[in-house]
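Visitor: Structure provided below as structure tokens; questions to follow.
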Amino acid sequence: MPLPGLFDYRAGGEVRPGQRVIVPFGRRELVGVVVERPSMPAIAEEQVRDVAQVLDDVPPLPEDWLRLAAFAADYYQRPLGEVMLPALPGPLRRPAAYRGKRAGGGPVARLDARAARAAGGKRKGRPGKAGASGDGDVVAGDRAAAGAPGGAAGMTATAGPAVPGDGLVPARPALSAAQQAAVDALAALQGFRPVLLHGVTGSGKTEVYLHAAERVLAAGRQVMLLVPEINLTPQLEGVLRRRLEAVAGVRGVAVLHSGLADGERLEAWLRAVRGEARVLIGTRLALFTPLPELGLIVVDEEHDPSYKQQEGLRYSARDLAIWRARDRGVPVVLGSATPSLESWHHATAGRYLLLSLPERAQAGQLPAIRLLDTRPLRLEQGLAPPLLAAVEARLQRGEQSLIFLNRRGYAPVLHCDACGWVSGCRRCSAYMVLHRAVRPGLAGGPYRHELRCHHCGWQERVPAACPDCGNQDLQPMGRGTQRLEEYLAQRFPQARIARIDADSTRLKGSAQKLFAQVHAGEVDILVGTQMVAKGHDFQNLTFVGVLNADAMLFSHDFRAPERLFAQLMQVAGRAGRSGSASEVFVQTGYPEQPLYQALVRHDYVGFARYALDERAAAGLPPFAYQALLTAEAGELAQALGFLAQAREAAEAWAAAGDAAAVAAQPEAGSTRRAAVAPMVSAGAAQPAIAADMSRITLYDPVPLRVVRVANVERAQLLAESDSRPALQAFLRSWTALLPTLPGASRVRWQLEVDPLEI
Ligand code: ADP
Ligand code: ZN
Ligand code: ZN
């Protein structure tokens, strides 16, 4: 657990900021990062303990990396240690790797020994008696690598296939005029410049990234390419990898994501740090990798919510990528068919350079999108007759269909007609979802259904009768992907049907397998959730049916329409890659809604204009800046009580009306100048900036929509401002104050800056 505050230690010899050290902390030892060298410790001289060991197996973390960490800690109001330590590969932050029998070894030495052996080199002169223990360590390293997810092995840095010098390198297509214009514009850039590459699905954004990357590589610089979810986009990764390996060499491309084993992650990280890897492809965590010769950052699908970390340091990798690019003086390219409204707003205001790819790169036309007004129709199990007819027609032509329903399970709730009982979770204020069991019941009996809570994970058997009235005829209400799959199997007995959702892909590698079946043409109808919407190029898919989109249309969350539009454009983009005419049907009871009207026209720009007008009128982001304080407690009243105190304290500052009240609040870390951050520390020496409280709005504390999860009750308080500096200044003072509130001991609280979901 990272601790707040910076901590002082005495170092015997030279230590430099960015160096890792092992320090005693209480009765344990921890790895820390040297942050600064104060002339005077913040605590009594005799209480300062000695650094136990200075680690020099990797060069000190570079200055720009320290700046990035300090910025993130300050911006997201988290301890510096919580930014720095998780950003390092696991082995580099575990003291055990450096202590005891393995003294002098350390994970890096082990890795190097392994690499040397793998390269066939006999490494001479291993220090001292490291020989025997060295071998043992090599085994440990190998085991870590072997523990990698099997399905992902081909994508890891270490296990990459030999360079495909035999025509496996994908051909370089001649660029379209729009692509060429974008490539030229990127080539002309000097220094920092954010670029928004807006290209419809299939417009060939990847090709533009590749050209830009090749230029940067040729100039001797490194490229960082961020993607939302690497495990779900093996196609993209494969293409990028092969093409870039052709330029940078096999060892020149490193891949980083959370699915890697420790040893693999360490190796990719080290190769990037040492400059051996010229291209780093990775998910959000890769953003924190030191790259000494960084020349370009690309953020693909920049609108994707996966760039936002949802726990601990709740950072946006896209936003930090822009900060990092500015700090390093390099261009950053954000690509999307449906940019976030924040990025679009910047681009239309001229702060970002806007490049557009308005057409598909290949022959394939964008699919025709049609709204199916469900109000006058008689639905069959939720499916409109024209949609079923469209599937039927594809089956006859030997083409594929995709039915998109963003709700997994069999039915969202089980229900008793006789008394009104519904399947609520006993630990959450939410319904238990009905799931069809994947295995037959005991003694080969019939499949048993199960109730599962999607919030807390609680599972139980479906009751044989209503717990309240004994009625034995409990009914599922509504439908999820399992029920849809079941119905389609009855309706189209000749069809081969596959379902891709979080349930059907629980096992490692199963998602890749299912996608491979679809690509191989072994599937006629694909049923899927948002998992199928991203990235995949299904060549023979000519029909997409969308169910239940309306559920997101009238959500409490003001970003829901933006997400819905992006999702529908994405899923529609799965169709029509092959060139034959394709169709998308969206079932809705509200076809006149502007969102749907823009969708039919493939009109992101129109949608964005409309949605931004609404945001401006309501004073919502990107026209305002937000932070969300969430409190959790055994009882809602405690959570609400703490938030009320937090608001009152801020209101008192506002009432005081001057900076003095704010400046008088304790500033965490401001008096502590610290040498070392063992999992530790708040931004050092922040100036006591007084917040202009007249620019801060604090809303009423409210319970979360699902108020209770796993018997914990939750409430939130939204803080908003029309000025980011004013909000930041306020948050600094506020987060210092919050732990001192009387209610703080009874709640767990966290602050999220720029929350994505409210
Ligand atoms: P996007 O990321 O914009 O949705 P992709 O980069 O996946 O689009 O490109 C879609 C398809 O078009 C890919 O199969 C890609 O190989 C192909 N492609 C890209 N540029 C060209 C081009 N200039 N000529 C022909 N095909 C292209
Ligand atoms: Zn009942
Ligand atoms: Zn629950």
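A Cβ is built for glycine as well, from the same backbone N, Cα and C atoms used for every other residue.
Note: TrEMBL annotation is automatic and uncurated.
The Zn(2+) 1 binding site annotation in TrEMBL covers Cys416, Cys419, Cys466, Cys469. Annotation comment: TrEMBL describes Cys425, Cys428, Cys453, Cys456 as Zn(2+) 2 binding site. According to TrEMBL, the compositional bias 'Low complexity' annotation covers 129-138. Taken from TrEMBL, the feature domain 'Helicase ATP-binding' covers 186-357. Taken from TrEMBL, the feature region 'Disordered' applies to 115-138.
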Visitor: Work out how many Å separate Cys419 (Zn(2+) 1 binding site) and Cys425 (Zn(2+) 2 binding site) at their Cα atoms, rounded off.
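Guide: That comes out at 18 Å between the alpha carbons.
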Visitor: Consider only the binding-site residues Cys416, Cys428, Cys469: which of them have a Cβ under 6 Å from an atom of ligand 2? Write none if no residue does.
Guide: Cys416, Cys469
Visitor: Can you tell me the CA-to-CA distance separating Cys456 (Zn(2+) 2 binding site) and Cys466 (Zn(2+) 1 binding site), as a whole number of Å?
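Guide: About 23 Å separate the Cα atoms of these two residues.
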Visitor: Taking the center of the Cβ atoms of Cys416, Cys419, Cys466, Cys469 at the recorded Zn(2+) 1 site, which other residues in this chain have a Cβ no more than 8 Å from that point?
Guide: Asp417, Ala418, Gly420, Trp421, Pro467, Asp468, Gly470, Asn471, Leu474
Visitor: Secondary structure at Cys416 (Zn(2+) 1 binding site) (DSSP, helix/strand/coil)?
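Guide: Once the DSSP labels are grouped into three classes, Cys416 (Zn(2+) 1 binding site) ends up as strand.
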Visitor: Give me the long-range Cβ neighbours of Cys425 (Zn(2+) 2 binding site): same chain, 6+ apart, Cβ under 8 Å, in sequence order.
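Guide: Those within reach of Cys425 (Zn(2+) 2 binding site), by Cβ under 8 Å and sequence separation of 6 or more, are Tyr431, Met432, Cys453, His455, Cys456, Trp458.
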Visitor: If you count other CB atoms within 10 A of each CB, which of Cys419, Cys453 wins among these binding-site residues?
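Guide: For the binding-site residues Cys419, Cys453, the Cβ with the most other Cβ atoms within 10 Å is Cys453.
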Visitor: Pop the Cα-Cα gap between Cys428 (Zn(2+) 2 binding site) and Cys466 (Zn(2+) 1 binding site) into the table, whole Å please.
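Guide: Rounded to a whole number, the Cα-Cα distance is 20 Å.
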Visitor: Excluding Cys425, Cys428, Cys453, Cys456, please set out which residues of the same chain place their CB within 8 Å of the center of the CB atoms of the Zn(2+) 2 site, keeping sequence order.
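Guide: Those within range, site residues removed, are Arg426, Arg427, Ala430, Met432, His454, His455, Gly457, Trp458, Val709, Ala710.
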Visitor: I'd like the Cβ neighbour count for Cys469 (Zn(2+) 1 binding site), meaning other Cβ atoms within 10 Å of its Cβ, all protein chains included.
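Guide: Its Cβ shell of radius 10 Å holds 11 other Cβ atoms.
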Visitor: In whole Å, how far is Cys428 (Zn(2+) 2 binding site) from Cys416 (Zn(2+) 1 binding site) when you measure between their Cα atoms?
Guide: 20
Visitor: Quick one: give me the count of other CB atoms within 10 A of the CB of Cys456 (Zn(2+) 2 binding site).
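Guide: I count 19 other Cβ atoms within 10 Å of it.
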Visitor: In angstrom units, rounded to an integer, how far apart are the Cα atoms of Cys428 (Zn(2+) 2 binding site) and Cys469 (Zn(2+) 1 binding site)?
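Guide: The Cα atom of Cys428 (Zn(2+) 2 binding site) is 22 Å away from the Cα atom of Cys469 (Zn(2+) 1 binding site).
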Visitor: Within 10 Å of the Cβ of Cys466 (Zn(2+) 1 binding site), how many other Cβ atoms can be counted across all chains shown?
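Guide: The answer is 19 other Cβ atoms.
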Visitor: If you count Cβ atoms within 10 Å of the Cβ of Cys428 (Zn(2+) 2 binding site), leaving out that atom itself, what do you get?
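Guide: If we count other Cβ atoms within 10 Å of Cys428 (Zn(2+) 2 binding site), we arrive at 21.
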Visitor: Count the other Cβ atoms sitting within 10 Å of the Cβ of Cys416 (Zn(2+) 1 binding site), across every protein chain shown.
Guide: 21
Visitor: Can you tell me which of these binding-site residues sit near ligand 3, meaning the Cβ is under 6 Å from at least one of its atoms: Cys416, Cys419, Cys466, Cys469?
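Guide: The ones that qualify number zero, so the answer is none.
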